[in-house]
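Everything on this sheet refers to the single structure shown next.
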């Protein structure tokens with residue numbers, strides 16, 4: 001198992017489909033490499049999330065193989081999973097922070113738990129991340145008193161404190177106002193320069209601007225597109241319907 | 001109709017087994033919470049230590065005003081009444097023996113436990129249950145954090161330590177209040193009860209008292225956490241699980257206390 005911080009984490013899916021998606025005729029083939037921004041799009045949000053969770057090792061697989069750092073996930077021990085969770089961060093759509101901790105404590109507690117930093121170092125690192133993320137909220141407040149963008153930024157900072165190499169995000173834009181998109185997009189683009197970002201989204205703007213690989217999860221087929229151009233040139237009815245729906 | 005009649009013995013059997021299977025589930029949960037070597041990693045580190053300290057402050061220190069009031073009222077009502085009543089029918093040694101048995105070993109334990117259940121047990125269930133409903137616990141697990149290490153074990157240990165400290169405080173305060181009340185209202189000679197009560201406390205009984213209170217606190221914390229984690233998706237489950245945690249904790253504490261009295265306490269003089 002490769003877990004050293006200098007090595008890149010990778011996810012490889014071969015003929016892969018998670019449970020609850022057995023109706024899909026073609027399974028997923030995916031291989032990550034540094035700098036990848038992989039976008040999952042499709043009309044069924046829960047199916048997209050199922051794929052993301054399965055790729056992050058959080059959801060059972062129905063068929064095919066999934067390798068994390070070249071290791072089949074069946075052979076990963078619970079102790080290794082604890083380390084892998086630091087390398088491959090998954091943030092759900094709600095991005096829930098612990099409601100009983102202030103914003104800052106939410107960000108630093110995983111790093112303290114894993115012994116990555118002591119408290120002073122963690123506070124310093126969190127402040128650096130806030131600057132990178134463009135966070136402008138009050139980090140002493142409880143999450144309930146923060147704006148959706150601020151909560152999302154804190155959830156990202158919390159995950160980034162563990163120095164992940166793969167970030168798996170389930171539609172982080174869903175609760176944001178359109179004018180807040182650019183704050184998030186700028187950061188994600190900057191962060192993923194030599195790391196891997198896997199994201200499910202209905203933000204076609206993000207897909208058009210940044211995606212290096214696009215997977216369209218249709219009602220009964222998974223289709224891979226190498227670029228935005230190949231996506232919009234697709235003749236498949238379900239793809240065209242989906243794009244038309246989002247454009248309306 | 002016939003099928004219903006045939007199902008009835010099965011229903012009776014299931015209901016009879018239920019308390020035992022519940023007790024077994026809570027016991028397993030408690031042992032798991034107290035096992036520091038889960039997943040082969042020992043972690044009661046900075047993160048969990050802060051949760052433990054927070055729980056001790058909430059369950060122990062913040063409860064002092066309420067426990068002081070209870071102890072003060074019990075001292076006036078129970079300690080003084082026991083002394084005044086028993087001294088009419090027994091000698092001084094018997095008065096002290098009954099006082100120690102009733103106020104120090106029983107009343108302090110049970111009243112402290114009831115307060116801990118009502119105050120901290122319910123708070124733990126609501127707190128953790130809400131976290132589960134809002135998928136905050138899932139978010140914590142995604143960060144490679146063991147929920148037991150970070151949230152459950154510190155709360156269970158915190159409740160155990162708080163119960164032990166509060167019971168000792170209650171016993172001391174209830175005895176002193178009662179004796180002082182009698183000394184000032186009746187006769188200063190009642191002050192002599194204090195050193196005599198202290199001298200009558202046998203180390204064995206004190207150890208049993210401490211173990212009993214630690215155990216009760218741990219069970220209260222574990223039962224609260226167990227029920228919090230039974231909450232699944234609906235908000236209506238939260239009050240249901242909270243009331244179950246409270247009622248079941250009270251039941252377990254009283255039954256265990258009776259077992260302690262029957263098997264651990266020395267015979268009456």
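Each residue, glycine too, has its Cβ placed from N, Cα and C.
Here's what TrEMBL has on this protein:
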- B:67-86: transmembrane segment (TRANSMEM)
- B:98-119: transmembrane segment (TRANSMEM)
- B:139-157: transmembrane segment (TRANSMEM)
- B:164-184: transmembrane segment (TRANSMEM)
- B:204-224: transmembrane segment (TRANSMEM)
- B:245-264: transmembrane segment (TRANSMEM)
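The transmembrane segment (B:98-119) shares more Cβ pairs under 8 Å with B:164-184 than with any other stretch in the list B:67-86, B:164-184, B:204-224. For the transmembrane segment (B:245-264), the list of distant contacts is 22-23, 26, 106, 109-110, 113-114, 117-118, 121-122, 124-125, 208, 212, 215-216, 219-220, 223-224, 226-228: same-chain residues at least six beyond its ends, Cβ to Cβ under 8 Å. Between the transmembrane segment (B:164-184) and the stretches B:67-86, B:139-157, B:204-224, Cβ pairs under 8 Å are most numerous for B:67-86. For the transmembrane segment (B:204-224), same-chain residues at least 6 beyond its ends with a Cβ under 8 Å from one of its own Cβ atoms are 26, 29-30, 33-34, 55, 100, 104-105, 109, 112-113, 116-117, 120-122, 124-125, 128, 152, 155-164, 167-168, 245, 248-249, 252-253, 256-257, 260, 264-266. Within the same chain, residues 94-95, 98-99, 102-103, 107-108, 111-112, 115, 166, 169-170, 173-182, 186, 190, 193 sit at least 6 positions outside the transmembrane segment (B:67-86) and bring their C-beta atoms closer than 8 Å to a C-beta of that stretch.
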